[in-house]
Every structure is written in C-alpha cells, then in structure tokens.
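A.B. asks: Encoded as structure tokens, here's the structure I'll be asking about.
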Amino acid sequence: MSQKDIEMELKELRNKLNRWSNEYYVLDTPSVEDSVYDKHYQRLLELEQANPDLVTADSPSQRVGGKVLSGFTKVSHDIPMLSLGDVFSKEELIEFLERLENSVEQKLDYSCELKIDGLAISLTYENGKFIKGSTRGNGVIGEDITENLKTIKAIPMELNEPVSIEVRGECYMPKKSFVELNTKREAEGQAVFANPRNAAAGSLRQLDTKITASRNLSTFIYYLMEPEKLGIKTQTEALNKLESWGFKVNNESKQVKTKEEIFAYIDKATDQRANLPYDIDGIVLKAESFAVQSQVGNTVKVPRWAIAYKFPPDEQETKVLDIEWTVGRTGVVTPTAVMEPVTLAGTTVARASLHNPDYLKEKDIRIGDTVKLHKAGDIIPEISEVVLAKRTEDSVEYQIPTECPECGAKLVHLDDEVALRCINPQCPALVKESLTHFASRNAMDIRGLGPRIIEQLYNREMIKDVAGIYSLTFEQLITLDKFKEKSANNLLTAIDNSRNNSIERLIFGLGIRHVGAKVARILAENYKSMDNLAKAKSDEISTIDSLGKIIGDSVEMYFADEHVMELLDELRQAGVNLEFLGKTREEQLESSTDSSFNGLRVVLTGTLDTLKRSEAKSWLEAHGAKVTGSVSKKTDLLIAGHDAGSKLTKAQELNVRVMNEAEFIQQMEEES
C-alpha cells in the first residue's frame, strides 16, 4: 500500500469506529455487532503499529474505554488503572514476547496468572488500615465503593504489617454462590443473572450494603503499586508479600522462563477451567521484573509489559433444521436459523439470527448443514462457520426469497441496503408490528395492548391501522380470548390516557424511518405541532442540530403520503393531542440546574403505585433528566417499581444505579 492509501484507510477506520462508538455509548442505537467493531479496531491497531507517525489524538486507540456511573462518589486514580492488550492465539503471544524482549535486549522471566472474570478494584491502606476502595471506571476516574467492599470477607480491614500501600485485584462471585443466588431469585420470582461476572458487578454497586454482604463475593489481589518503595523487585515476590499481609492471592500463579512453560501453563488452565470454583476467561502474562516493567512503561491505554491471552469462545456444533424469515416494523425481512438445541455458555440455544441476505450468502449456510455456534460477547448466539466436511452431497445452495413470507409482495432493496424489505403498507406482519410499536411503552404507552391482543384485533378485523385503536369499544374487547370486564376497562382507560400524550410520543409511535425517540423529541420541540411538522421540508429539518439530510428526507417523504395525512385527520377526530406539551431543553435547563437529576439518563420500569409513569417522566424531564426507554451502558439511573423485569436485570448486569419508588418519591419531595 502507498502512504496515501494507508492514510486514507486510517481516516476511514477512525471515522467508522468513532461513529459506531457514539452510536453505542451516546445514542443507544448500535448499528453493528461487537465482532464488526473488534475487526475494524484490530485493523486500526495493525496500521497504527506499523505507522506510529500517523496516530492521531482522536484515534479510538488513544482512548481508555469505560464510563463512570452516577450514584457513587467519583475517585481519581493517581496511577491509571489501564486495561490489558489482548491476544487470541499462541502465535500472537510469541510476537508479543519477541517484541518485549527485543525492546530490552534480553531474555525475560514472566509471571503467569489466571485471568479472573470479575470486576477490577483498587484498595488503599494507610498504616495497615483499609481506608478506600474503588472501581476501575474509565481507568482515570472510578467510583468509591468502600462501604460495599468492607462487606467482603476476603478483603482485610487491617494488614499484618502497618504499611501504606495501594493494591489492585479482581472482585468475583464463586460459581457455587452464583448458582445459589440464581436458584433463590428464581424461587422468589425475580430475574436471574446471566453469569457470575454480571452478578458480581451488580452486587458490588448496590446502594444497600446488606445486599452486597449477602452475595458472598470474593477477591483475588494481583498487583502491588509502587513496589520499589518497599524494596520489592519481582511480581512473584510481590504476590508472596501480599499474601503475608493478609490478602487473598491466586495460588495458580507461576513464574516461568520459556515459551514452552508458558504454553504448558495455558494448556493446563484450559483443561482445568471448567473445574475451577470461579470463572476465568484467559491468562495474564507479566514481565516478572518490576525494573523491566518500569523500563518499557505503558501506552496511553495498555502496559507494554503485560498481555492477556484470551480463551477462544465456547463453541458447539449443531444442525440447521430450517431458515425462517420474519417481517419487522419497518418492513425489513430477517432470516433466522432454526437449529437442533445445544447448551452454550450455560443456556440452551436453538435459534440464531442470520442478520441479512448478504450474511447468509457469505457464510453459505444451508438447511441440513452442520455449523459451529458460539455466543458473540458471551451473549448473542452466532454461527461462526459451516462444517463443510459434514455437508451432504445432495446439499443445495439456499435460495433467498423474492416474495414477502407474510403477504407475498415483492421484496426490494432500498438505497443500496443489504436488508430486504417488504414495502406493502397492507402487509399483515408490517401492520401488526406497527400497531405494537405505536402502543409500546416508549411510544403512546398503551398498557395492555401487546402483540397477543393486537394479533386478535387485527385478525378479527377490529383494527386496520393505529387510528382504529381509538374506535375500540367495550363490547369488542370483551369478546377477545381471556379478556374479562376488568381487562377491557383497563385497556380502554389506557387508550383514553394516551390521547393526552405530548406529540413526541406520537411522532415516535408513527414509525417514521430513521426517527427514534430522541429525534422525535427534537422534532416536537422545534415544530410544536403535528401540522407544522407535516409541512416541514427536508432542507429546513436538515439544519436542526444532530438531525441532517437523511432524517429530513425521511420525514418529508413520510408526510407527503396522502394516506398519512388522512391518518392524522382520523387521530385528530379521535381526540388525540397533536401539540407539544413539554418544555424545550433550554427551558428545562433554566429551571433544573440545581436538581440531583440534572443531566442524568434515567429509565423508568415496573409499576409505580404513587404516580403515573407519564407524571414521573414529566417531573424528571422538568428537572433536567433525559428519560429513555431502554437500559444501556450510558444509563445513569433506573427507577424501578413493582415487577420491574428484564430492565432491572440488565441494569444490575451493567452496574447501573437503581432507585425504588419510595426513594424516588422522597427525592422528589426534597427537590420540590
């Protein structure tokens, strides 16, 4: 490649990765799988390592990932808690060893340690007494979790010597404790944790320390900061000293001299992994000498003297029984592989998304094929490859459908998309998905009007579009399966309440392409009414901050449809509000800067007893919070009512602060 080509590829990679990172962490709308991001990130690292003079300040490689969540006091790390570089093969590991030894021009001894799958922590002691504990956070700023760490029996409150030190380690939940916790939660009707790491992370960030104490967490301490001040020269010596002071250290650590010893350690760890009482996801290799560690130093993101060898993902073989196609709300037709059930990473898996026709063609997946299945990110089932050696001779290439599986209309590609779409507005699947979206919690929030009820209403020709929801009668609803008087009355009340929503919910509920809840709010703030928005032109919309031409074109095209205008008239006649009722962001900021909720991203979930969900949302927004409908890594606070369900589970898995209704009401009263 020429220098110009390298510069162009680097620029493109940086732009893509920064955009994807923004979609994931800021907008809550990731557009690519983690595996796609990782592939591009690895390519970026390759090019930058070969061309260090082309590394820019805005490169993703110069950032330490992570986010400090609200709810705990922020703590600055005097010495950054850096992440480790990863390798995934012995060949890559050899390259690391050679690079490190060449940099110091000598053969080195190494410390091999198990990579505990938990949460990184830092502990500080003064004169032998524990005074502070914190999370890694973003590597530079973490959170003070001292009180919760005090509940963990493996952490000594006072050391065997009166030393003033900082140590780092991993907090984890033993496998046995994880099984016991999930068994108890399941028996109590609570959501279970996905894995021990998520359980440990969620337990460590509980506001109630009694809950943390009940979770039987443990720790391994693996590093002593500034060891030279104590005359300690090697990692093995430091581990021995840590143990003598009273810390729990992992006794599987081993000092080695050759790559053969390193590989033997990896092989042993791989064989013993399933039988260990705690989860590991690899091994960590460190230069044994602290003098060498100091000599080679760190990059912005990772130490040059250590590396993590990551185990390959758990993988199983299974057989593809069928390929099903489903139609989504926007008409996208998505293939899914139906497979013989297998156990993968502790759960039974029988289905895996095939994403789009291009993915299906690229993998050449056929009905009857034996495939290798793994969980991307240990969460999402994904077919990694077809086992061609087991493909039968009569196997035929799978034919991508040309007609919608629901209505038979011709499928099309729009704007060079890889996705196939059904664009028939009368497609039953599309209509039902649109109705479900319109009634969903983030849109018009019509409780009780879920997919099962919509299926019946549509099939019985009681509704054909969203306006039809507002014509439903008690006599119609009472005829539905398992629908009694109370259910019918509750649904009619929910429908009636939705008439009074501000238009940002309606805009989002209509399902305009490229218009999510955030964009809907921006449009509502700027245009104030549906009538104004319907007249807006793309060029005008495109000038609004954070929107642009794609959204502008989509909105203008949507309202250019005469059927849409007829629908708006029907909604108006049904008494649905078509005006913006909330405060603009500027008005909110003027009145909310002193609120503890100001600037927080908040999610409401479960049933609230004291006030309506819409009232809670309005109050939060008036006090500077941004209320979103889904939990992500960017969520600051989850307010949980009764029967909180999956959002509470996800919040605990992501270490998001959780507040119950009583705590929320108390805070409201203090700030009102």
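Including glycine, each Cβ sits where the backbone N, Cα and C put it.
Per Swiss-Prot, the feature active site, N6-AMP-lysine intermediate maps to K115; the stated evidence is sequence analysis. What Swiss-Prot lists as NAD(+) binding site is D34, S35, V36, Y37, D38, S83, L84, E113, R136, E170, K286, K310, and the listing cites sequence analysis. What Swiss-Prot lists as Zn(2+) binding site is C404, C407, C422, C427. The domain 'BRCT' feature in Swiss-Prot is assigned to 592-672.
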A.B. asks: Taking the recorded Zn(2+) site as C404, C407, C422, C427, identify the other residues of that chain whose CB atom sits within 8 Å of the mean position of the site's CB atoms, giving them in sequence order.
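C.D. replies: Leaving out the recorded residues gives V327, G331, P405, E406, G408, A409, L411, N424, P428, A429, L430.
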A.B. asks: For a three-state summary based on DSSP, what are the helix, strand and coil counts in the domain 'BRCT' (592-672)?
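C.D. replies: Its residues divide into 30 helix, 18 strand, 33 coil.
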A.B. asks: For K115 (active site, N6-AMP-lysine intermediate), what residues in its own chain, 6 or more apart in sequence, show a Cβ-Cβ distance under 8 Å?
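C.D. replies: Long-range Cβ contacts: I280, D281, G282, I283, V284, A308, Y309, K310.
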A.B. asks: Any same-chain residues 6+ apart from L84 (NAD(+) binding site) with CB under 8 Å of its CB? Would you list them in sequence order, or say none?
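C.D. replies: Counting only residues 6 or more apart in sequence, the Cβ neighbours of L84 (NAD(+) binding site) under 8 Å are V284, V302, P303, A306, I307, A308.
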A.B. asks: Looking only at Cβ atoms, how many others are within 10 Å of the one on V36 (NAD(+) binding site)?
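C.D. replies: So the number of other Cβ atoms within 10 Å of V36 (NAD(+) binding site) is 14.
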A.B. asks: Whole-number answer please: how many Å between the C-alpha atoms of C404 (Zn(2+) binding site) and R136 (NAD(+) binding site)?
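C.D. replies: Computed Cα spacing between C404 (Zn(2+) binding site) and R136 (NAD(+) binding site) is 49 Å.
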A.B. asks: Give me the CA-CA distance between R136 (NAD(+) binding site) and C422 (Zn(2+) binding site), in Å, as a whole number.
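C.D. replies: With the alpha carbons as reference points, the distance is 47 Å.
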A.B. asks: Which residues of the same chain, at least 6 positions away in sequence, have a Cβ lying under 8 Å from the Cβ of C427 (Zn(2+) binding site)?
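C.D. replies: Same-chain residues close to C427 (Zn(2+) binding site) (Cβ under 8 Å, separated by 6 or more) are V327, G331, C404, E406, C407, A409.
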A.B. asks: What does the structure give for the C-alpha distance between V36 (NAD(+) binding site) and C422 (Zn(2+) binding site)? Integer Å is fine.
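C.D. replies: For V36 (NAD(+) binding site) versus C422 (Zn(2+) binding site), the Cα atoms are 26 Å apart.
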A.B. asks: Validating a neighbour-count step here. Other CB atoms within 10 A of the CB of C422 (Zn(2+) binding site): how many?
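C.D. replies: If we count other Cβ atoms within 10 Å of C422 (Zn(2+) binding site), we arrive at 25.
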